[in-house]
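Per TrEMBL, the features are:
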TRANSMEM  A:7-28  transmembrane segment
TRANSMEM  A:56-80  transmembrane segment
DOMAIN    A:57-269  domain 'ABC transmembrane type-1'
TRANSMEM  A:92-115  transmembrane segment
TRANSMEM  A:140-163  transmembrane segment
TRANSMEM  A:195-215  transmembrane segment
TRANSMEM  A:248-269  transmembrane segment
TRANSMEM  A:299-323  transmembrane segment
DOMAIN    A:358-551  domain 'ABC transmembrane type-1'
TRANSMEM  A:362-383  transmembrane segment
TRANSMEM  A:395-420  transmembrane segment
TRANSMEM  A:475-495  transmembrane segment
TRANSMEM  A:507-527  transmembrane segment
TRANSMEM  A:533-554  transmembrane segment
Amino acid sequence: MSVFGAVLLIVVGWLVVLPLGAVLLGAFRPSGLLLDPGLTLDNVRRVYFNSEIWSLAWTTARFALGSTFVGLIVGALFAWMIERTDVPLAGFFRGAFIAQMAVPPFLLAMGWTILLSPRSGLLNAIGAQVFGPGFTPFNIYSITGMIFVEGIALAPSAFLLLGPAFRNLDPNMEEAARMSGAGSLEVFRKVTLPLLAPALLGATIFLTIVSFVVFDVPGILGMPSRIWVLSSRIYSLAHESPNGLPDYGAISAIAMMFILALLIAAYIYQKIIRGSSRYVTVTGKSFRHRRTALGAWRLPVALLGSVYLFVCICLPILMVVLASLQPFMMRPSAAALTNLSLQNYAQIFGDAHIVRAMVNSFVIAGVTSFGVLVIAFACSWAISRSQLPGIVRRILDVFTLIPLAIPGIILGTALIYLYLALGFLGIYGTIWIIVIAHTTNYLSFGVRSINSVLSQMHPELEEAALVAGSDRANAVRAIIVPLAAPALVATWFWVFSHSIRELTQALMLQSVGNATLTTTLFGYWSSGEPNKAAAVGISLFAVVLLAVLAWAAATLRFRK
Amino acid sequence: MNMPSEEMLRVNDITLSYRVGDIDMPVLNGVSFTVEPGELFTLLGPSGCGKTSTLRSVAGLETPTSGEITIGGETVYSSSRKVQLAPNRRRLAMVFQSYAIWPHMTVAENVAFPLRRMRVDPPDRRRRVDEALGMVGLAGEGQRSATLLSGGQQQRVALARALVSNPRMILLDEPLSNLDAKLREQMRGEIRDLQRRSGTTAVFVTHDQAEALAMSDRIAVMDKGNIVEMGNPETLYLRPRKKFTAQFLGQALILPIDGLEQGSGTLQLRTRIGVVEALADTRVKNVAWMAARPEHLTVAVPGAQIPGGIPARVVRAQFTGSTIDLELDAGGVLFAAVARNDRKFAPGDEVTVSFDPSNIILLES
Ligand SMILES: Nc1ncnc2c1ncn2[C@@H]1O[C@H](COP(=O)(O)OP(=O)(O)OP(=O)(O)O)[C@@H](O)[C@H]1O
Ligand SMILES: [Mg+2]
C-alpha cells in the first residue's frame, strides 16, 4: 500500500476513530477519562438504571422528529412552489431560501425569545394589551417553542435536499400516467410521491440526525426552563455538575447509546442516498420544465410565501437588530426608536477581547475550511479513483461518514478527553482543538459533496492524462482539480460559513485563550447582556451572509 | 536485460479478475497475442468479452493477475518478475471510447498536453500541434473550446492528441461506436489512412465485425475472456475454424455434421437437410460442423431444377436494390441466402439450393 493511503488512514483515524474510541471506552473508566486507571460498569449502571435517561431519550426524540416534520413540510412546500409551479418571483424565493442558510440558529432563537418569551415577549405583551393582562398565550421556552424554531432553522436544508428531486421530476412520467386516465390526485399518489420517496426519506433521516445532535436551539430555549435534550444535558453535565467537576463518566455512558442509534441512522441514510442519486442520474437531462399553472392562486401563494419569510425569518432578525441598537431591552415604541445607537457595536469592536475572538473565529474558519477541503478531496479521490486496496477505500468511506453521526457536543467532550491526556501536544485550550473539532465535524459533508462531483466526472478524463505521460499527481492537478474547481470553491464556502458560526463545539472546548465570536455571544446572552449578544450576532450574521452569497454564486456557476 | 525482438507488442498469457463485493470475477483467462510493428491489430468480440480489459492492461490502467506484457522488447508487466510500469512511462497513446477530451482546455491545449509532458519546447510544440490538427482535418480550429465540438470533431481531436507524440503504439477503444453510421464509415477510412501513413502500430477494439473486417491487418476474435481465433480478415471470414468465429463474423448457415465420407480431395457431409459436398481442409481436425455464407449459396428460381440441389421453401424475400435477401426453410432449418436482383421470388415458392464445395466451411468441435 502506498504512502498516500497510509497517510490518509492515519489522518482520518486520528480525526475520527481516536475521539470516538475515547468516548466509548471512557464510559468504563471510573473518572470517565480514557487514560485514567481502573475499569468499571458504574457509569453505565448509574446512567441506564435511572429513569432520567429514558425521559431524556424521549424528549430528544420528540424534539428531533417534531422539528424534522416542521422543517420538512416548510421545505417541501417551498421546493414545490419554486420548482414546480409558475409562482411569480420564483428566483427571489429561491435566493431568499438559500440566503437563510446564513442565519445562525441561535440568532433565530434569540429573535424568537424577544418576540415570544412568556413575560416580556413582544407578541405576548401586545396580546396582554389588547385582550387584558391574563392573555399571554405563547411560551417560547417550551418543547413546542423549540420544535417551532428548530423546524424553521431546518427548512432551508430541507429545501436544498428536496429541490433537486422536485426539479428533476420527469414530467413525462406524470404525463404518461395522465394519458392512461389517472386523475390529478391519483397521479400525485401513484407517480409523483413514489418518485420523490427516496429524496423525502433521505431528507427525513438527514434532518432527524441533525436535530438529534443540535445544541443552539435547545441551549437557548430549553435550558432556561430545564427541558433537556441530549446535547444540552451533556453540556450541563460538563458545566453545571453539583461537585463542580465535569461528570465525564456519565457523559460517556449517555453518549454510547446515542452514538449507536445515530450510526445506524447514518448507515441507512447512506444506503438511501446511494440509491436515490443513481436514480437522479438516470433521469435528468433532456426534458423540458413543465410547471403547474396556479391560475387564480398565483398571487395568494406568492403572498403566503412572503408572509412566511417575513414573519418567521425577517421579524426575529429585525428584533435582534433592534436589540443590538439599544442599550437595554425595551418594548418597541416611539421612545425606544429614538434611543437607537451604535454604542454596542462601538463597544464590542473596541474591546480587545472581542477583537481577539473575532480573529480567532476567522482563523478557525479559514484553517478548518481549507483543511477539510484538502483532506476531503484526498479521501474522495482515494475512495472513488485510486488503486488503493478495496478494504482501505471502504474504511475511508465509512470513517468519513461517522462524524455525521457524532453529536458536536460529544465530539467536543471526546476531544477534551483526548487532548487532556495528550497534554504534551499543547493543543488543549487553544484554537487548534476547535479547528480539529470542526475539521472532523465537516469532513462528512466535504467528502460527500466532492464525491458527487468526482462521480460525475468520467474516469477516462484522468486516464487519458496518465496515458499521455502524466503521473497520478500531475493528472489530478492538471485535469481533476480544474474541472472540480467550482465545486471545490462551493464546498470551501459552505464549510467556512458553518465553521464561523458554530457554537456547540466552540463552547465545549472553550478556555481562556480560544474564545470565538459565538462563545462570546453565548456568554453575553447567558449572563444577561442580550443587547451586546445581539450586536455580536448581527456582525457574525453579516460575515456569514457574505460567505453564503459567495457560496450560492459558486454553486450556480458550477450547475452551468 | 531486455531482449531485442521483432514484435512491437507481446501479450503473454494474461489473466485478470475484478473484485466484485467479496468474490473475484475472472475477466481474462489467459490471453496471448503479438502485434508486429506498423500493424493494425483488432480485438473483436461481443460486449463484455474482455476487450477493453485487455487494452487497459496493455496501457497499464489495469493490473493483471498473472502473465507478461512486453512493448518494443521492454517488459512493462510481469507477474513473475513483479514489474508493473506506470501508464505514463509506457510511451503509448490511447483513444478512449468516451474520447476523454478535457473540457477546460481548448482544442490546441488538449492536443499539446502529451508534448508538454515530454517537455517539447514551445515553438516545436506549436508546429507539431498544427501538424497533428492538419492531419485530422481540424487545421485552424485550435483555439476553439473543446466543449463546443461535435462528436465527430471530438473524435478527431482525440486522434490528434494520440498521434501528436509519435507514440510507438496507439490503442483505440471502440473509437467509432459513438458516431452515426455515415460518419463511422468515413472515419474508418481516415483512421486506417492515418495509421498507414504514420506507420504507427495500432491495437483497435471493436464489437462491430464489419469495422474489424474493413480496417484490420489481423483480427483476434474474443469470447468470454479468451481469444478464440486469430488471423487476417479474409481467412477469418472465409475459412474460420471455430464455430464462434463463423457465427460472430457475418451470417452463416451452420449445421452439425451427422456423418462424413471421404472422397478424393472431397468430403460428403451428412446433415439434417441432406448431403453436402465440401473440399477437404487439412487445417481442421475433428470436423464437427459445416457452415455456408449466404452469398455462397446458389438459389434456382422456382420451378428450375439443379441436380444435387437441396429443396427449400421461401419464407421471406426482400428486395434490397443490389440483391434479393432470402430466408429459406429446408426441412425445418431456417437460413439466409442472397440471390441476384433480376430474379423473382415470393414467400411459399419451392426452390432448390446448391452449395459450392470450395466455399463450404469446416469447423472444429
Ligand atoms: N471495474 C470493473 N469492476 C467489475 N467488473 C468489471 C469492471 N470492468 C469490467 N468489468 C466486467 O468485466 C467484463 C469484461 O469487461 P470489458 O470492459 O473488458 O468488456 P468489453 O469486451 O470491452 O465489452 P464492451 O464491448 O461492452 O465494452 C464484463 O463482464 C464487465 O462487466
Ligand atoms: Mg469495452
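Note: Cβ is positioned from N, Cα and C throughout, glycine not excepted.
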| remark: When counting C-beta pairs under 8 angstroms to the transmembrane segment (A:92-115), the leading stretch of A:56-80, A:140-163, A:195-215, A:299-323, A:395-420 is A:299-323
| Which residues of the same chain, at least 6 past either end of the transmembrane segment (A:299-323), have a Cβ under 8 Å from a Cβ in it? | 74, 78, 81, 85, 87-89, 93, 96, 100, 103, 107-108, 110-112, 114-115, 122, 152, 329, 332, 340, 530-531, 534, 537-538, 541
| message | Under 8 angstroms, Cβ to Cβ: which one of A:56-80, A:140-163, A:195-215, A:248-269, A:507-527 has the largest number of such pairs with the transmembrane segment (A:533-554)? | response | A:507-527
| Range from A:140-163, A:362-383, A:395-420 with most C-beta pairs under 8 A to the transmembrane segment (A:507-527) | A:395-420
| said: So, taking each listed stretch (A:195-215, A:362-383, A:395-420, A:475-495) in turn and counting its Cβ pairs to the transmembrane segment (A:7-28) that are under 8 angstroms, which one gives the highest count? | reply: A:395-420
| said: Below 8 Å between Cβ atoms, which of the listed ranges A:56-80, A:195-215, A:248-269, A:395-420, A:475-495 makes the most pairs with the transmembrane segment (A:362-383)? | reply: A:475-495
| task | Verify whether three or more Cβ pairs under 8 angstroms connect the transmembrane segment (A:56-80) with the transmembrane segment (A:395-420), leaving out any pair fewer than 6 apart in sequence. | result | no
| Which sequence positions outside the transmembrane segment (A:56-80), separated from its termini by at least 6 residues, show Cβ-Cβ distances below 8 Å to it? | 93, 97, 143, 146-148, 150-159, 161-163, 165-166, 200, 203-204, 207-208, 211-212, 218, 227-230, 233, 254, 257-258, 305, 308
